[in-house]
Amino acid sequence: MALFQLYEEPKTGEKITIEGGKLRVPDHPIIPFIEGDGTGPDIWAAAKRVLDAAVEKAYGGKRKIAWFEVYAGEKAYKTFGTWLPEDTLTAIREYLVAIKGPLTTPVGGGIRSLNVALRQELDLYACVRPVRWFPGVPSPVKHPELVDMVIFRENSEDIYAGIEWPAGSEEVRKVIAFLQNEMGVKKIRFPETSGIGIKPVSKEGTQRLVRAAIEYALKHGRKSVTLVHKGNIMKFTEGAFKNWGYEVAEQEFGDKVFTWAQYDRIKAEQGVEAADKAQKEAEAAGKLIVKDVIADAFLQQILLRPAEYDVIATLNLNGDYISDALAAQVGGIGIAPGANINYVTGHAVFEATHGTAPKYAGLDKVNPSSVILSGEMMLRYLGWTEAADLIIKAMERTIANKTVTYDFARLMDGAKEVKCSEFGTLLIENMG
Ligand SMILES: NC(=O)C1=CN([C@@H]2O[C@H](COP(=O)(O)OP(=O)(O)OC[C@H]3O[C@@H](n4cnc5c(N)ncnc54)[C@H](OP(=O)(O)O)[C@@H]3O)[C@@H](O)[C@H]2O)C=CC1
Ligand SMILES: O=C(O)CCC(=O)C(=O)O
Ligand SMILES: [Mg+2]
């Protein structure tokens, strides 16, 4: 039986596979891409040229990506009458690694997020968003160079999962009646006019995310993993995230880590001096410190004391807010990349942190760096580090030359504003 109902199978290229937890990447891997809505076509066009040029330059034609266009969002709806064709999910399941532009989600009604649907359907449980500063990028803070964090955002649960019912509906009446009559809930302030959303947070979901964050931190020699939560208020979801996070750290990583839960136990038994001493010894021994902070305090501390934070592990909605807030400190979401990954199956969809920026659609104006750097993450994920390094080098040079898109140009003295496509061309020129 044919693999696809709507698409033709790619005629060139080979499948990326996974064996014993390790990706096997052929020289001509088939990589599905989704162009995206709004500014998606502009930034994707620039990104594809840059990624192809980096691979060509790094491997002199020996390696080349076999791009395979798959559809989602407005283009899918116009072409096939459906927002997210099953074929698109099949393609990503089959070829393992994909990259996408942003997709529109209407507010307050209409279709549910296709971005979230892709993450849920493919169980891409970790949303990984590195935030670093490139010298010369305009920033609202005095020391943007101190921001060097990698956010691990849980990607499959939380209030973000989309389990909710609108005010006045038959469904919401049933849920509210159940809560009031069977669960003894008396705290719904306006039951007649409330919509209800549900926030599932599980031990499995938390621990696979925190495990991925700790493994990443250990592999890359990072100093700490911070669990960011609002566990003082949402005790059994966000508070449990913190407890389960410490549990997986201690049970699975043993003496490679020192946790603040351990610190608290030593403090309770032997006093604060002994706890401080134990933490200092752990730091001196190069152990990874696993700590936690309440989300609102974290948002002010990343502005005031960013050097104290490194890898961040957090829940879905917190991670969404933190991604954009941190990106602002290093120049904005125009340069904020990301990946949605299942570290067990190897499935990964790379995408920018930002959305479709609809007011700029078709103007060839916005910054393509976010999707280009998502592609750079993808190349690294494939093990094509030489090509990835070329992109970083080109990005550093192009920004240092002050030839930048509108978002940087408006805040940079003496900058020359270039179009989205021109920025892509400059990156290619600056790879040499
Ligand atoms: N993963 C995804 O596909 C995502 C999709 N979305 C969806 O995108 C749509 C629009 O969302 P919205 O809240 O406006 O957020 P956006 O991220 O699309 O845009 C907000 C602002 O961010 C700046 N910006 C965004 N992209 C770039 C870029 N490439 N270069 C420079 N600046 C950029 C612009 O700022 P300025 O106005 O200052 O120039 C823009 O107005 C919604 O439907 C939303 O659901 C949102 C986030 C993620
Ligand atoms: O899916 C959407 O429309 C928004 C998603 C989002 O903001 C994000 O994942 O950061
Ligand atoms: Mg977001």
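Including glycine, each Cβ sits where the backbone N, Cα and C put it.
TrEMBL entries are annotated by machine, without manual review.
Taken from TrEMBL as is:
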type	residues	note
DOMAIN	30-427	domain 'Isopropylmalate dehydrogenase-like'
MOD_RES	LYS100	N6-succinyllysine
BINDING	THR104, HIS354, GLY355, THR356, ALA357, PRO358, LYS359, TYR360, ASN367, TYR406, ARG410	NADP(+) binding site
BINDING	SER113, ASN115, ARG119, ARG129, ARG153	D-threo-isocitrate binding site
MOD_RES	SER113	phosphoserine
MOD_RES	LYS142	N6-acetyllysine
SITE	TYR160	site 'Critical for catalysis'
SITE	LYS230	site 'Critical for catalysis'
MOD_RES	LYS242	N6-succinyllysine
BINDING	ASP320	Mg(2+) binding site
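The D-threo-isocitrate site in the record is lined by SER113, ASN115, ARG119, ARG129, ARG153, and its two most distant CA atoms lie 19 Å apart. Within 10 Å of ARG153 (D-threo-isocitrate binding site), as judged by C-alpha distances, the recorded positions found are ASP320; the full candidate list was TYR160, LYS230, LYS242, ASP320, ALA357, LYS359.
The recorded positions recorded for this entry are LYS142, TYR160, LYS359, and the Cα of TYR160 lies nearest to that of the residue listed as 'Mg(2+) binding site'. Nearest Cα neighbour of ASN367 (NADP(+) binding site) among the listed recorded positions (LYS100, SER113, ARG119, TYR160): LYS100.
Taking ASN115, GLY355, ARG410 as the candidate binding-site residues, the subset whose CB lies under 6 angstroms from any atom of ligand 1 consists of ASN115, GLY355. Sequence-distant neighbours of LYS230 (site 'Critical for catalysis') (same chain, 6+ apart, CB under 8 A from its CB) are GLU238, ILE294, ALA295, ASP296, ASN318. Using a 10 Å Cβ-Cβ cutoff, ALA357 (NADP(+) binding site) registers 21 neighbours.
Here the residue listed as 'N6-acetyllysine' is positioned 27 angstrom away from ALA357 (NADP(+) binding site), judged by their C-alpha atoms. Taking THR104, SER113, ARG129, LYS142, ARG410 as the candidate recorded positions, the subset whose CB lies under 6 angstroms from any atom of ligand 3 is empty. The Cα of ARG129 (D-threo-isocitrate binding site) lies closest to that of TYR160, out of the recorded positions THR104, TYR160, LYS359. Contact annotation for binding-site residues (ASN115, LYS359, ASN367) versus ligand 2: ASN115, each with CB under 6 Å from a ligand atom. Reported as a whole number, the C-alpha separation between LYS359 (NADP(+) binding site) and ARG119 (D-threo-isocitrate binding site) equals 26 Å. Other C-beta atoms found within 10 angstroms of the C-beta of the residue listed as 'Mg(2+) binding site' number 19, with every protein chain shown included. Per the record's binding annotation for NADP(+), residues THR104, HIS354, GLY355, THR356, ALA357, PRO358, LYS359, TYR360, ASN367, TYR406, ARG410 show a top Cα-Cα distance of 26 Å.
In sequence order, PRO102, LEU103, THR105, GLU351 make up the list of same-chain residues 6 or more apart from ASN115 (D-threo-isocitrate binding site) whose Cβ falls under 8 Å from its Cβ.
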